[in-house]
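Let me begin by presenting the structure, written as structure tokens, before commenting on it.
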Amino acid sequence: MIDTLFFLFFLFFDSPLRRLLLLCAVLALRAPTAHSPILRSSIVTPTARAVSEVSGCTTIDPDFLVEISDSNQTRAMSKARVYTEVNVIRPKDYWDYESLIVQWGEQDDYEVVRKVGRGKYSEVFEGINVNSKEKCIIKILKPVKKKKIRREIKILQNLCGGPNIVKLLDVVRDQHSKTPSLIFEYVNSTDFKVLYPTLTDYDIRYYIYELLKALDFCHSQGIMHRDVKPHNVMIDHELRKLRLIDWGLAEFYHPGKEYNVRVASRYFKGPELLVDLQDYDYSLDMWSLGCMFAGMIFRKEPFFYGHDNQDQLVKIAKVLGTDELNAYLNKYQLELDPQLEALVGRHSRKPWSKFINADNQHLVSPEAIDFLDKLLRYDHQDRLTAKEAMAHAYFAQVRAAETSRMRSQ
């Protein structure tokens, strides 16, 4: 049938471009269904995919959406429950980072003092502003695509002044190598592996609440962080100051856009990333926050300790159960590859009480368990939003203290 249609249409389509587009569509229909090593899902034909690849994002034109699945049904796009249209309403120059013209500062204004860390995309140093003598953080970027650098700068500029968002002070580059560096405010943080075991029940409530302020703000500005983890949450415990840092993987949220699932650090990857669901949203950050919170209250870091991405899903399934995982997959018309399905196996849901012991019981209250349970959900649509999380009973003491403090000022 397809061959006959192809022959007839080829006779009538005299334009080479039209013939090429038709050929792509027919070949896609004739080809055997291609499967990811992890997941079998709906396949979108090449004609449906807009020619727009921005840092792993693919825009799908709904007017040309053709999906082929085992059930021959089209899966509706998943959209964020909150702040869905932020970047639809705002002018293009708010989120169009590829058009950003960087205003470079003077590199000679800053001197490196000592190395404080390194990541996949950068090396981080404590520095000093030679003019003001103030400490700063210098993030020297490794060679990456210019649009990725522009994206991080644009996002930091848009979030400037937001609660508990690290402040970008300057952007400079070496005159010879053209290597760019981002200059940030200095935060005198303690390594989380040293700090977390010393935190009280109230400390954890306080710092998670402060982190939620940062997340709700960035989400309200149409931005997903996509790499929430202890390494990226700087805490100056003496000043009780928290800053959410490293916005290198952050991205603007556009409803209907498919995003790269190769984001976030393994132990904090949401199930949506592990099953290759690309139309994820801000709720990814809430899963990562939940993993971080579980590690803090149960004193088990990391909480889900997978050896690779497939094993990460196995570790999650052993806690949340496979019946719930299958319900999630069915809802979004996804299917695990047989190899991964075999690895995951069958597991019943484990009650959170199983993780309570003599060392952590003083941190695990009923409201803490309820809060955690509403974050660590397979279905990203069922997780608390950052604003909903801030209203949870777990933070009643923190909200009361904040209200009292504001009244006394």
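Note that Cβ sites are derived from N, Cα and C of the backbone, with glycine treated the same way.
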Looking at the ATP binding annotation from Swiss-Prot, with Val116, Gly117, Arg118, Gly119, Lys120, Tyr121, Ser122, Glu123, Val124 already listed, which candidate in Lys139, Lys145, Lys146 is the matching residue?
Lys139
What count of other C-beta atoms do you get within 10 angstroms of the C-beta of Ser122 (ATP binding site), across all chains shown?
20
Please list, in sequence order, the residues in the chain of Asn188 (N-linked glycosylation site) that are at least six apart in sequence and whose C-beta is under 8 Å away from its C-beta.
Asp236, Glu238, Leu239
Do me a favour and check the Cα-Cα span between Arg118 (ATP binding site) and Asp227 (active site, proton acceptor); whole Å is fine.
15
Under a three-state reduction of DSSP output, how is Lys120 (ATP binding site) classified: helix, strand, or coil?
coil
